[in-house]
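Peer 1: This structure is in C-alpha cells; I'll ask about it shortly.
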Amino acid sequence: MEEDKRWIVVPTWRVPGRMEKWHSLVKYLKYKTKDLEKVCYVPHHKVGWAWWTCSRVIFPLKGNSHLEIQAYWNLTPEKGWLSSYSVRITWYTEKFWTDVTPDCADVLIHSTYFPCFTAGEVRRAIRGEKLLSCCNYPRAHRAQVPSLQFLALVVVQQNDRPQRDSTTRKQRRRDYRRGLRLAKQDSRSHKQRSSESPTPRTYFPGVAEVLEILA
C-alpha cells in the first residue's frame, strides 16, 4: 500500500529574485569587515539531506538564543516554479522557538551586532560636542517607538556633522557595493591578515531590504 505524501507547512517570506545579494553581503560582513564574525553561514552543499534548503544563516544572540534565516529554493516544482525563493526567519531560545517577522529579526540582530549610540552621546549633544558613535543599523529602530533622546541624536548625526556624515555615507555605499560584488566573483576563500588595519564598521540596510522580501 502506497503511503500518502505528508506535507509540512511553515510560514515563509517570498523573495522575488535570487539569493546572491543576501549570501554575498553575509560573507562580506563575516569574513572581510568581521561585523558578523560569529555568524554561521551554511551553504546549500553543506546543509545535508534538506535538498530544498538553499542556505542557512545562524546569528548567535545574547542569552543563549539564536536567530536563523533559512532560504528555500525549488519551490512547487510540479508547477515549474524552480526559480522561486523564500526565507523562513526563526528565533530559538532554550525553552521555545517561534517564527518572527523581518522587522523583529532586525531588532534581534541589532541587539548583538552593529554598534549604536552609546549612553554618553546625549550629554555630548547637549554640550554641543561632536558625537563619538552612531547607529549603523537604523532599520532596526523602525519597529520600535523611538525615545526623544534617540530622535535628537539622529537629528544631530544628520545635521551637526555634514562633512563627517558625508564621508560616512560614502563609506557605507562603498562597503555595500563591495559586498554585493562578491556574488559575481564567486569567492569562496577569504584571507585574514593581522597586519592590515581594521575595516570601519559597516552600515546594514536591514533584512527585508537586502532580501527584497514580498510581504
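Glycine too: its Cβ is placed from the backbone N, Cα and C atoms.
Copied straight from Swiss-Prot:
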type     : residues : note
COMPBIAS : 169-181  : compositional bias 'Basic residues'
MOD_RES  : THR98    : phosphothreonine
MOD_RES  : SER147   : phosphoserine
REGION   : 154-167  : region 'Multimerization'
REGION   : 161-203  : region 'Disordered'
MOTIF    : 110-141  : motif 'HCCH motif'
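What does the local environment look like for each feature on the list?
Peer 2: In sequence order, THR90, TRP91 are the residues of the chain that are 6 or more apart from THR98 (phosphothreonine) and have a CB within less than 8 Å of its CB.
Annotation note: SER147 (phosphoserine) sits in a coil segment as assigned by DSSP. Its Cβ placed at the centre, SER147 (phosphoserine) has 11 other Cβ atoms within 10 Å.
The average pLDDT computed for the motif 'HCCH motif' (110-141) is 78.
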Peer 1: For THR98 (phosphothreonine), what is the secondary structure by DSSP, using just helix, strand and coil?
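Peer 2: Looking at the DSSP assignment, THR98 (phosphothreonine) belongs to a strand.
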Peer 1: Can you count helix, strand and coil residues in the motif 'HCCH motif' (110-141) using DSSP?
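Peer 2: In the motif 'HCCH motif' (110-141), the DSSP-based counts are 11 helix, 0 strand, 21 coil.
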